[in-house]
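**Student:** For reference, the structure I am asking about is given below.
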Amino acid sequence: MATNKERLFAPGALGPGSGYPGAGFPFAFPGALRGSPPFEMLSPSFRGLGQPDLPKEMASLSVETQSTSSEEMVPSSPSPPPPPRVYKPCFVCNDKSSGYHYGVSSCEGCKGFFRRSIQKNMVYTCHRDKNCIINKVTRNRCQYCRLQKCFEVGMSKEAVRNDRNKKKKEVKEEGSPDSYELSPQLEELITKVSKAHQETFPSLCQLGKYTTNSSADHRVQLDLGLWDKFSELATKCIIKIVEFAKRLPGFTGLSIADQITLLKAACLDILMLRICTRYTPEQDTMTFSDGLTLNRTQMHNAGFGPLTDLVFAFAGQLLPLEMDDTETGLLSAICLICGDRMDLEEPEKVDKLQEPLLEALRLYARRRRPSQPYMFPRMLMKITDLRGISTKGAERAITLKMEIPGPMPPLIREMLENPEMFEDDSSKPGPHPKASSEDEAPGGQGKRGQSPQPDQGP
């Protein structure tokens, strides 16, 4: 008999029309992904993005060519090739250096990390004492200390900016709509990502809204009825985010460990992005995927607490971008597939997978708004904002755990980076609460007599 974990990752288990497990679904990312035969049977759309073959001209670059002039009839000995240039080890992590980048000898990994950190204005946090050891093995564990080490050894911000300035001429030449023409490969990528997003997250116009009067007029510490409903919807949304990830080209070609790392790191970011795209400023409300619409006070009482105003402010900042479903899907994919996440086994492979997503969003956004070239960088900046909100969300979860009467729902626990922080030393009940058959039935009445629930998350 198949376990709950196997059903989640079995082919078609999350397809259209399938039911959801209740809020007590005992799912853990490592158990569900690592070594799960049904998961391994899934065939990704693009498994192992192959490296393009080198042009034939490149094959001869390392060989000293001989003269083929018809005037030279006497063969001459070829000149010996110059000895390979040897660089000092990477000043940051002591790995093999590929040359001098931004002022110091560095490897490709640290070069790319420093460039991305400066170009995206990334703000990192050290979870220890800001004195982590950075070497080839530990460099991906603390981004804050790695960036500080880059500065300490002499990497230059200005060198990164100057590198970007060299491309200004090329950017200026991109004045005609033809410059934003998408290649067939990018068109296909955009189609797949957009479809994956739309089929795991219906847009606001597709929903039949309904409201509740529960604690709508005044803020309280926690409305347990609203919390139960929100945690149920959040659980469903996490399942949908897993499905979205599995449908992204190349994602299942990553190692199982890296898939787990990326999902756990970005799940809360994507959940926040999704709910914020369903913000209605006229009523100051947010709508979930079953149509439930809550005002700001109710969102506070449902469990957001002190995080509420920050989330609503972010939702308001998204409005001027006027992102469509395709752009939201691409931004979600970029947020998920990011080589800067800690503890990745193959960050360079993840970066390689992210590059076409960045290019697709850049060209799509520019083609959609020819007179607004700044929209693409503004969208990317929202990823930094999302990470900040997610950090505060994890902190809120710690205090929330003390306010709810039972254990934190397991999927929400697994979404957070340190699930052990939710372990209760008291005598709280251990078994996960069982969901009623009414909750599990697609389209059935909820346990609180609410409107029919389609199989969607927030």
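Heads up, the Cβ atoms here are built off N, Cα and C, so glycines get one too.
Remember, it's a predicted structure, so these values are computed and weren't measured experimentally.
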**Student:** Ranges 26-50, 126-150, 326-350, 376-400: which does Swiss-Prot label zinc finger?
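**Tutor:** Among 26-50, 126-150, 326-350, 376-400, the range Swiss-Prot annotates as zinc finger is 126-150.
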**Student:** Within 10 Å of the Cβ of Lys401 (SUMO2 cross-link), how many other Cβ atoms can you find? Include all protein chains, please.
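**Tutor:** Excluding its own Cβ, the number within 10 Å is 17.
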**Student:** According to DSSP, which of helix, strand or coil covers Lys401 (SUMO2 cross-link)?
**Tutor:** helix
**Student:** Under the DSSP assignment, what numbers of helix, strand and coil residues are found in the zinc finger (126-150)?
**Tutor:** 8 helix, 0 strand, 17 coil
**Student:** How does the model score the zinc finger (90-110) in terms of mean pLDDT?
**Tutor:** 90
